[in-house]
Structures are given as structure tokens and as C-alpha cells.
Amino acid sequence: MPIMPDTWIRQMAREKGMIEPFVEAQKREGVISYGLSSYGYDARVAEEFKIFTDVDSAIVDPKNFASNSFVTRTGDITIPPNSFALAHTVEYFRIPRDTLVVCLGKSTYARCGIIVNVTPLEPEWEGQVTIEISNTTPLPARIYANEGICQFLFFQGASPCEVSYADRAGKYMRQSGVTTPRL
């Protein structure tokens, strides 16, 4: 499964709408970088965040998710110490049938104890990506909206898969905004 280069990512974004909006060159001046890189795409975090809180003493249960588990905030945010937030990408992704996408955090945030987690983007999945952001430090941590948050790496299979995410009618297909757990 080879990793795909900038030329392929650019072509797929232009011709197939794989990433919209697509930033052709990496933006770096005065911001946490985002846009096309050599072998990946650095996505931006949008302005909507759901920060987990214990105000209502809710239990986080993936089978019965309670909306009072978090508070919604917009713009640049601060994640409390040892806490967690959900966010989503500015970009909308359309993954080709022969491609699997893996996400890694940005070193700028990782070096501050901020960890980003995203499950793989499966073949023929599409939508805005919900991002999990953990503040592993004992201090409040700042997250900047509309700046880079993670890097997506595109791996192309030797042949298209037999059953894609779209074929399975996956529950997170075409998600928009922050999407909480579904069964």
C-alpha cells in the first residue's frame, strides 16, 4: 500500500473533489501550518468545539451518549487540564474506493501535550472529519480555530476493496459538523 504524493493528492482534489476547500500550498506564516504537504494534507480545525465537562456529572457512554457531557464553544478555545474536546475539519473529504486515509497529529501541538486522534477514513467515506483532541497536560491548552490540527496520509491499495464504507451504508457517512457517537 504505497503512500500517495502531493501530485496525486492535488490531482484528486482538483478532478474528484477529494478535499474541499483545497489549499494548494502549505500556509505557514504566523499560523499552525495547513494545506498540501509532500506526502499528505494538513487539515484545519473548524470553529465549533464540544468540550467535555463534569458540570452535570454525566457518564460518558458510547452506547448512550448524553449531550450534557460537554459544552459547545466557538472560535479559539482553551481545553481544561487533562480534558478532551471534539471538533471537526474545515475541509470536506471524499475518499476514493481504492484509498485508505490515516491521520496523525501536528508536531506543534504534540510538543505541547495535545494529542489528536482520528480513526481511519475508509474507502468511499465522505464528510467533515470529527477530530478528538486530548489535553494531556496539567495546564489549560489553547487550540486555534481555522489553523492546522492534523495531517492526513493517503494510502492506495493494490486494487479497489470488495466492500466500501458507502456499500455498508456506514453510520458516519456524509457527516457535517461535530458528530457524537452513534450506534
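Just so you know, glycine gets a Cβ as well, placed from its N, Cα and C.
Quick look at what Swiss-Prot lists:
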ACT_SITE  Glu132  active site, proton donor/acceptor
BINDING   Lys106, Ser107, Thr108, Tyr109, Ala110, Arg111, Gln151, Tyr165, Gln175  dCTP binding site
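Annotated features taken from Swiss-Prot, shown on the structure.
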residue: Lys106; record: dCTP binding site; contacts (Cβ under 8 Å, 6+ apart): Ile32, Ser33, Asp42, Val116, Gly148, Ile149, Cys150, Gln151
residue: Thr108; record: dCTP binding site; contacts (Cβ under 8 Å, 6+ apart): Ile32, Ser33, Gly148
residue: Ala110; record: dCTP binding site; contacts (Cβ under 8 Å, 6+ apart): Val116
residue: Glu132; record: active site, proton donor/acceptor; contacts (Cβ under 8 Å, 6+ apart): Phe84, Ala85, Leu86, Val116, Asn117, Val118
residue: Gln175; record: dCTP binding site; contacts (Cβ under 8 Å, 6+ apart): Gly127, Gln128, Thr130
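For the recorded site, Ala110 (dCTP binding site), the DSSP three-state label reads helix. Residue environment of Gln151 (dCTP binding site) contains 20 other Cβ atoms, counted within 10 Å of its Cβ in all protein chains. Of the residues the record lists as binding dCTP, namely Lys106, Ser107, Thr108, Tyr109, Ala110, Arg111, Gln151, Tyr165, Gln175, the two whose Cα atoms sit farthest apart are 34 Å from each other.
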